[in-house]
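The signal peptide annotation in Swiss-Prot covers 1-20. Look at Swiss-Prot and you will find 26-33 tagged as motif 'TonB box'. Under the heading domain 'TBDR plug', Swiss-Prot lists 38-152. Among the features that Swiss-Prot reports, cyanocob(III)alamin binding site is placed at Ser85, Asn92, Val110, Ser111, Thr309, Arg517, Tyr551, with the record citing sequence analysis. Positions annotated as domain 'TBDR beta-barrel' by Swiss-Prot: 155-612. Summarising the annotation, Swiss-Prot assigns transmembrane segment to 169-178, 184-195, 263-277, 279-296, 309-325, 328-337, 371-381, 403-417, 473-490, 556-570, 583-594, 600-612 (among others). Residues or ranges marked as Ca(2+) 1 binding site by Swiss-Prot on the basis of sequence analysis: Asp199, Gln211, Asp213, Asp215, Asp250. Per Swiss-Prot, Ca(2+) 2 binding site is recorded for Asp213, Asp215, Tyr249, Asp250, Asp261. Taken from Swiss-Prot, the feature motif 'TonB C-terminal box' covers 595-612.
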Amino acid sequence: MIKKSLLCTALSVTAFSGWAQDTRPDTLVVTANRFQQPRSAVLAPITVVTRQDIDRWQSTSVNDVLRRLPGVDIAQYGGMGQNSSISIRGTNASHVLVLIDGVRLNLAGVSGAADLSQFPVSLVQRIEYIRGPRSAVYGSDAIGGVVNIITTREKPGTELTAGVGSNGYQNYDVSTQQQLGENTRVTLMGDYAYTKGFDVVAYGSTGSQAQPDKDGFLSKTLYGALEHNFSDTWSGFVRGYGYDNRTNYDSYYSPGSPLLDTRKLYSQSWDAGLRFNGELIQSQLVSSYSHSKDYNYDPDYGRYDSSATLDEMKQYNVQWSNSIVVGHGNVGAGVDWQKQTTEPGTGYVTDGYDQRNTGLYLTGLQQLGDFTFEGAARSDDNSEFGRHGTWQTSAGWEFIEGYRFIASYGTSYKAPNLGQLHGYYGNSNLDPEQSKQWEGAFEGLTAGVNWRVSGYRNDIDDMIDYDPHTEKYFNEGKVRIKGVEATANFDTGPLAHTLSYDMVDSRNAITDKPLARRSKQQVKYQLDWQVYDFDWGLTYHYLGTRYDTDYVTYQPVKMGGVSLWDLAVSYPITSQLTVRGKIANRFDKDYETVYGYATAGREYTLSGSYTF
């Protein structure tokens, strides 16, 4: 394990003194610059979600976790397991880089966007979520932000969990972490989740035949990890996980042809790494392999019938990252190598293709008096597009003790994926998307309130979109995004408050039309308190107006705003047994995040966990 105390001492001078007045310990994060540092030293806005948060919210999906976070806007084609997209600060879903333990999530299919409706929430032990450009650190895709899902469990022992809920929801989970001798730790986990679901199509067209069925979801997950400390400075790990998902959905139907209304996703990932953690130097070498097979088929014909579709992707990664404490800060450097291969038929590609990318990056953080400076530069060599460079820089000025002003600028890009280039809907003439972003922010600690207010602008050239008329991907030109984000957290006696407000104006800079499925405004509020050992949580989410397209008439539609309330409670019956209950969408609001696709309405869940 990293010598956290030594690293904190070396970097503590960069930590913002206003946060030091808070009684809560400063969390260490790794996602911002690829080296471990106190969260308060990071100039970009970053949010950390722990497993304790997820259990307290009683979230049954990763999307339910992420929707609570600042800047996140989720559009989903129905309920649990249905296709979804994540927008951060008004950008496309393909502009969100999703990492699993620091490694890019393998994405099968044409869109190039991470669909986290399929990723098991049972695997999530921690999330580090950073907003703003990060291509200078991670390469392609990191235009809107980075979501790093960490699966490493820090809690020893064994836990058994079972839950039931509305729409036939069931969940059974067992996990254990055991010490094998003084220097070896093993972790195992298995999870089963199922829901009968509901009919996801609210209105619109599914062809010549209605499909008034329930669209359910089934997921089975296995996870294993082995960690070993060879000495005080050297350690290694081997880790693997896989999940097998089945999703039923409503699809377009015409008489005499198969109805492709079932999705079957197989995914497996393996990685191994070696770490060196000295007093001033850290180094890590990680290699990984992932393989996903995504079928869409008619159950009457089977997934191997000629009518079925298959998206199959293999991904190979090697990462070597290094950092050294220098002066009042840190310098990091490393290299990434990635190879992605598609099998014939993937994304309607008739032949198999592969794409290779090698990236070199340099990062740095330094404090000079009341000023903190952060920078990064990266060069990517892509087999499809050649060499591409990105950079970013930030500066923070603590002009009064406890109050800081931050200014930042960064460039980023998104390369088209293999399906967008070579698939049936592809366009081999696509150019990479280019982004330039500016942000200014004030933050501080006032009367016990930790707050941050920021304004940002993001200009994206050659943004890739899909044209339903031509059935092709194309570069639609220039997109302009402007926004304001405000966050705060504070305690009033036994009550803990977390609040965020987002106002985003994202539109095509040429036509001045707003981009689809982005809320103009969002308000998110979390209230937590404890009374007689009962832990209560109240969640409020205002989802503002947004625009979409009616794909029957191809006319734009405006969807009104909605206020959603959740209530959760847990009670420890003993020191080992805890029961939990939740009401989601307490007032049973009828709303949509994708036009024509219903949401679940009011739902109840009840669960219990036993630890030993």
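Glycine is no exception: its Cβ is also placed from the backbone N, Cα and C atoms.
Feature map: Swiss-Prot annotations on the structure.
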{"residue": "Ser85", "record": "cyanocob(III)alamin binding site", "Cβ contacts under 8 Å, 6 or more apart": "Ile74, Ala75, Gln76, Asn92, Ala93, Ala113, Asp115, Arg517"}
{"residue": "Asp199", "record": "Ca(2+) 1 binding site", "Cβ contacts under 8 Å, 6 or more apart": "Gln211, Pro212, Asp213, Lys214, Asp215, Asp250, Ala598"}
{"residue": "Asp261", "record": "Ca(2+) 2 binding site", "Cβ contacts under 8 Å, 6 or more apart": "Gln211, Asn248, Tyr249, Asp250, Ser251, Asp298, Pro299"}
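The least crowded of the binding-site residues Asp213, Asp215, Asp250, judged by other CB atoms within 10 A of its own CB, is Asp213. For the transmembrane segment (600-612), the residues of the chain that approach it from at least six positions outside its boundaries are 55, 58, 60, 79-80, 157-167, 169, 171, 198, 576-590, judged by C-beta separation under 8 angstroms. Cβ atoms within 8 Å of the centroid of the Cβ atoms of Asp213, Asp215, Tyr249, Asp250, Asp261 (the Ca(2+) 2 site) belong to the same-chain residues Asp199, Val200, Val201, Gln211, Asn248, Ser251, site residues excluded. Using a Cβ-Cβ cut-off under 8 Å and counting only residues 6 or more beyond its ends in the same chain, the transmembrane segment (309-325) has close neighbours at 7, 10-11, 34-35, 102-104, 106-110, 260, 271, 280-297, 303, 331-343, 345-348, 363, 419. Secondary structure at Thr309 (cyanocob(III)alamin binding site), as computed by DSSP, is strand.
Taking each of the binding-site residues Tyr249, Tyr551 in turn and counting other Cβ atoms within 10 Å of its Cβ gives the largest count for Tyr249.
Residues 60, 79-81, 120, 122-123, 152-153, 156, 165, 167-178, 216-229 of the same chain, all 6+ positions outside the transmembrane segment (184-195), place their C-beta atoms under 8 angstroms from a C-beta of that stretch. Remote same-chain partners of the transmembrane segment (371-381), defined as residues 6 or more beyond its termini with a Cβ less than 8 Å from a stretch Cβ, comprise 14, 16, 33, 41-44, 135-140, 357-365, 387-398. For the binding-site residues Asn92, Thr309, counting C-beta atoms within 10 A of each C-beta gives the highest total at Asn92. DSSP assigns Asp215 (Ca(2+) 1 binding site) to a strand. In the three-state DSSP assignment, the secondary structure recorded for Ser85 (cyanocob(III)alamin binding site) is strand. Neighbour density at the Cβ, taken as the number of other Cβ atoms within 10 Å, is lowest among the binding-site residues Gln211, Arg517 for Gln211.
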